[in-house]
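First comes the structure, then the notes that go with it.
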Amino acid sequence: MTPPTTQNGPLRHFLQFKDFSPAEIAYVLERTRIIKDKFKRYEPHMPLHDRTLAMVFEKASTRTRVSFEAGMYQMGGSVINLTSNDSQLGRSEPIEDTARVISRMVDIVMIRTFEQTRIERFASHSRVPVINGLTNEYHPCQILADIFTYIEHRGPIAGKTVAWIGDANNMSYTWLQAAEMLGFTLHVSTPAGYELDPARIGAPAAGVLKQFKDPMQACQGAHLVTTDVWTSMGYEAENEERRAAFADWCVDAEMMAAADPQAVFMHCLPAHRGEEVTGEVIDGAQSVVWDEAENRLHVQKALMEFLLLGQLA
């Protein structure tokens, strides 16, 4: 095991989007471009050949697991996968003790769990960088991938408008952090009773956040339209109630037509065609969903590289 960075700098974590400065986000996105270009040219990029990633899953995953595991292997490292079923986490070991032990044996940890406070408790007792692979409150790796995908297809996101249609979940709160940091406007439209929590969002700067009761209005002129499932993990008991409440929040061709002519559509997946988005949209010409999914791999490689090696010359 090696020190957190080649510069022996302070220990850094990525638990929410605002843990990095705008300049650091820009650096990671630029490194993503370079790393992806190497990947497409089959050029090896193995700066983490002696590093080990521990992945801790307390929530099920497909894209998060595959992208982190493949990414670490592609950079020359190794991976240990832990779940509540095969570790002491499932037997009531305090997460602080788990952090103290795991972080003495690996170089970096990714956790996908429930409450944000849980990953914060882990990080506060870890000797190595910790990455949020998803919590109930935030999903920063996904938003990094989404922003990179927008830049890749349409250029800088500063000054643009992102329309979030659907549940005010971890994605929407992370989009808001990104908007505040990177200078774009976030339109949010949710059904009554599912709005952003005023206590959590505080008072965003003027022009950062606009909330709409009508999803069509939220899409008006948007450069990026995005959504997520109506029922997130942990809320399955509300599924039928949510289907009724969200019926008018299905992103369809009419909503995309209201957006900017060059607008793109994104979805963090898994998607339920006919619920939060129509098949026509997610499988249509404006959809960049599959590039978005692939880009989780590349941004997370850049993220791990940055947390372990610092900024490279």
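A Cβ is built for glycine as well, from the same backbone N, Cα and C atoms used for every other residue.
Source: prediction; values computed, not measured.
With D228, S232, M233 listed by Swiss-Prot as binding L-ornithine, the candidate from N170, N295 annotated for that site turns out to be N170.
When the binding-site residues S61, R63, H139, C141, C268, R296 are screened for a C-alpha within 10 angstroms of the C-alpha of D228 (L-ornithine binding site), the residues that qualify, in sequence order, are C268. Around the Cβ of R63 (carbamoyl phosphate binding site), the same chain contributes L269, A293, R296, each under 8 angstroms and 6 or more positions distant in sequence. Sequence-ordered, the extra residues of this chain that approach the L-ornithine site, with Cβ no more than 8 Å from the Cβ center of N170, D228, S232, M233, are L134, N136, H139, D167, N169, M171, V229, Y235. In this structure, the C-alpha atom of C268 (carbamoyl phosphate binding site) lies 11 angstrom from that of N170 (L-ornithine binding site). Neighbour counts were taken at the CB atom with a 10 A radius for the binding-site residues S61, N170, S232; the maximum falls on N170.
Considering only the binding-site residues S61, H139, C141, the residues lying within 10 A of N170 (L-ornithine binding site) on a C-alpha to C-alpha basis are H139. Annotation for M233 (L-ornithine binding site): same-chain Cβ neighbours under 8 Å, separated by at least 6 residues, are K59, A60.
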